[in-house]
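Single-structure report; data block below.
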């Protein structure tokens, strides 16, 4: 067995400044030690892959039109879509990262879960219906509804691709490390495997296959987590107090587990992170895209209701799992690192070790396979969203000015899927030993600062013009990116400068209001005849967004 | 959407009723969610000791635990409240508007 370099990075999520680190917790940071090949896990994973490839084959035969490819024909039900959204959103970051955070910091883990959840009601109340009624395949359809296509689609596609690629890199690196740890596979092989499978699902099965991969994964993850939480609670007679009492007794943090800790170091950062989580969720292109897979606004609403329920339930389970790991994993020699400092593989492995502690090797195999499946489901959704931005927004609307036929558009989409797969593999390998903790945080910050303001203003403010939306969106995108580079996550942690130029880890509190302000300012300054026409077109857009008259329906088959 | 059906919708008082009811309901619930969440974040940021207090003198469970769980449950419950009203009352109104626009 080849030993790879072991770094201290895995003890990460240290209390100070863990904000973005925890966001990227899907990644297992730093180098990891390769484990002995785990056959139970491999067999279960192979079963998952065979089942999903079977579904992909089935989906491929049903995927003919562009609507089938991008939106599963619009025929997914609200309940199915709710599960798929949950499957898309509950990444390995949520599962392993938040369980790990609860394991190491207790109550603070709950603060994160809540931040990830509270965006959903807002999406429902303000966005879901209008989005469904106005859009077809991508959120750019909505953002560009009454504007000049070329600038707005280019802006939205840039926002989408940046978010997708950052998110993809974080997932790929996390996947490689995780698989190395769980299955004993080589990092490169693991990354290539994830890339190949995701391309296969998306390229052949489009949105239908992606949706079902996400649904199956959500069901597996929810059942696995339920079993773990149940087993933990059984040991404590279903008393949370008994669990907490034991945890505070054995943890070196003691009673501090029960109190807010690291997040309070800076109120501005805490609020900024809260904004990025809440509004970033409403600007994630792969999540927004899911709303076009249902037949109408009614089903779109139901999707959010079910998704919120599943995600909320899952975070409660994660909280129990984290505490369960303190009691059942910490200080158990089998799970401790060789040097006695922390647990094997770092805090993000807490949930994995707990699965072995409560269910033996068989359940460890199951949870490992689920963690792998989780990554596959998330990267597939991301890839499909990136591919649609290129084919539907850039190729069909910008490059061909709306004159591309469906077959060409789908061909471009499949080609892009392949290219994105290659990019994801190459970057996944290139970033193996980089600190990628900032990437998911940056993706949320950009989604909140570029995509969300433009989408929101285009639906709610009559006065928005092409110029305002274009400049506001790009300024949001650039500001968020620059501030992250100058802030502690990159300037200090990655580039190794002694102090960051921009003091906060989360730029959203500055970049998001700035984007809104620029959308407003440049629209107000725009007195062209085009701008007047665009403002006039708000009327019909408003009627359609409210009533669904003229909206895309489900396809017949 | 044809010009005439657009105008018929605009002229329909039910349309304005739907828009104002739905948007005031949506905004009220959004503000409720924002207030609950940012109040929670503000306590964490400015007075964390409040959440760190134990629930009872004999136990270790802190006030923060039920409060945090309540925020999660609140988020779920208000989505349910919204969906219930939107899928019955608002959708019925909407159906009539669409019908009358033809």
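Just so it is clear, glycine is given a Cβ too, placed from its N, Cα and C backbone atoms.
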State the residue range annotated as transmembrane segment by TrEMBL; the candidates are A:134-154, A:218-238. A:218-238
For the transmembrane segment entry in TrEMBL, name the matching range from A:393-411, A:412-430. A:412-430
For the transmembrane segment (A:155-175), name the stretch out of A:81-103, A:187-206, A:304-330, A:436-457, A:469-491 with the most CB-CB pairs under 8 Å. A:436-457
Hey, would you say the transmembrane segment (A:363-391) packs against the transmembrane segment (A:412-430), going by three or more CB pairs under 8 A that are 6+ residues apart? yes
Could you pull out which residues elsewhere in the chain have a CB under 8 Å from any CB of the transmembrane segment (A:270-292), counting only those six or more residues past its ends? 19, 70-71, 74, 81, 84-85, 88-89, 115-116, 118-120, 122-123, 127-128, 131-132, 135-139, 159-160, 163-164, 167, 211, 263-264, 300, 303, 381-382, 384-386, 388-389, 441, 443-448, 450-452, 455-456, 504-510, 512, 552
Contact call for the transmembrane segment (A:187-206) and the transmembrane segment (A:40-60): at least 3 Cβ pairs under 8 Å, seq gap 6+: yes
Counting only residues 6 or more past its boundaries, what in the same chain has a CB within less than 8 Å of a CB in the transmembrane segment (A:436-457)? 12, 19-21, 23-24, 26-27, 29, 93, 126-127, 131, 139, 142-143, 152, 155-156, 158-160, 162-163, 166-167, 169-170, 173, 273, 275-285, 288, 464, 468-469, 472-474, 476-477, 479-481, 484, 489-490, 493-494, 505-508, 511-512, 514-516, 519-520
Taking 3+ C-beta pairs under 8 angstroms (sequence gap of 6 or more) as contact, is the transmembrane segment (A:304-330) in contact with the transmembrane segment (A:40-60)? no
